[in-house]
């Protein structure tokens with residue numbers, strides 16, 4: 001009998017083991033769709049980004065005009081740009097839901113997969129930040145100035161580090177050029193990290209909503225989950241195209257329609273919506289270094305999740321107290337996001353400070369305590 005090429009060819013064999021014959025738990029829900037959606041997002045962003053880069057000029061005098069030219073004069077340039085800008089928002093929606101799923105169902109106990117995932121998140125955040133600077137509008141310029149300036153809070157080497165990042169003594173042409181280079185490079189680094197992420201995942205196999213070993217009940221990835229992923233893809237593309245076609249500037253800042261001007265500061269400098277929770281935590285501490293440390297901790301705290309898991313059960317499916325705490329955490333993140341978009345004045349300052357304290361308290365103190373308490377409740 002002739003060998004099956006899909007199972008014998010060195011390259012096709014890898015694809016087969018990852019996407020076709022992969023044994024998958026039969027009970028994984030739609031929350032497991034977001035990994036494949038993130039892959040689709042990445043491919044879409046790389047494709048639209050490549051097309052945009054063909055018409056973009058990384059020069060302070062021409063950047064803003066080149067983006068306007070792309071939207072006005074390039075065939076479907078407006079659509080490519082709108083898909084790219086709003087695609088970033090969908091990328092973050094998917095990654096936050098993906099992390100939330102991992103947190104709820106205890107997927108962080110696959111330590112290597114979880115850690116590479118956090119590195120992926122950090123790389124994505126860096127990519128989105130440098131990308132936001134490229135149109136060289138007011139918010140691009142001042143966002144770049146404010147965020148890069150945070151590195152000056154690092155003792156001893158801070159100021160040198162900032163000037164090295166800027167390529168001068170302020171955000172100017174060298175900064176824009178290197179940000180464009182980084183924005184072009186980093187998505188490919190994300191693609192490479194994704195392969196590492198998947199390699200670690202396929203070592204153990206997927207987790208499932210019950211958090212128990214599912215070796216006795218696994219089904220092939222294709223056709224069952226390929227079809228399910230196509231449904232998820234369709235359900236994501238519909239709102240993305242609707243947003244890009246009907247309300248492309250809904251999530252953007254009006255300030256970015258004004259070309260960058262170092263002499264005029266916008267009344268309220270704020271990042272895109274997907275960074276607002278971290279920005280609110282940064283602003284909640286009146287000390288510069290303290291704020292920077294809190295900002296870093298807001299994401300890096302995820303590295304501690306596997307070590308703070310004290311419950312005997314892996315997932316929160318049958319842990320009502322942890323569930324309650326989880327949804328309080330989600331609500332708290334929405335509050336932080338809202339506060340980050342508001343001006344620095346009463347009552348937003350105190351709300352931001354309370355929400356920041358709550359965020360770290362839930363993650364570092366309450367989750368382990370509640371996990372231990374639920375273990376005791378199992379004995380009753």
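Cβ from N, Cα, C; glycine included.
As annotated in Swiss-Prot, transmembrane segment covers the listed stretch 34-54 rather than the other ranges in 13-33, 34-54. Of the listed segments 206-226, 227-247, Swiss-Prot assigns transmembrane segment to 227-247. Outside the transmembrane segment (179-199), and at least 6 residues removed from its termini, the chain residues within Cβ reach (under 8 Å) are 18, 38-39, 42, 45-46, 49, 53, 56, 58, 113, 116-117, 119-120, 123-124, 126-127, 130-131, 133-134, 144. Between the transmembrane segment (348-368) and the listed ranges 78-99, 114-134, 227-247, 289-309, the one holding the most Cβ pairs under 8 Å is 289-309. Using CA atoms as reference points, the binding-site residues 84, 183, 202 were checked against residue 98 (heme b b566 binding site), and the closest is 202. Every protein chain considered, the tally of other Cβ atoms within 10 Å of the Cβ of residue 183 (heme b b562 binding site) stands at 22.
Other C-beta atoms found within 10 angstroms of the C-beta of residue 197 (heme b b566 binding site) number 21, with every protein chain shown included. When the binding-site residues 84, 98, 202 are compared by the number of other CB atoms within 10 angstroms of each CB, 202 has the fewest.
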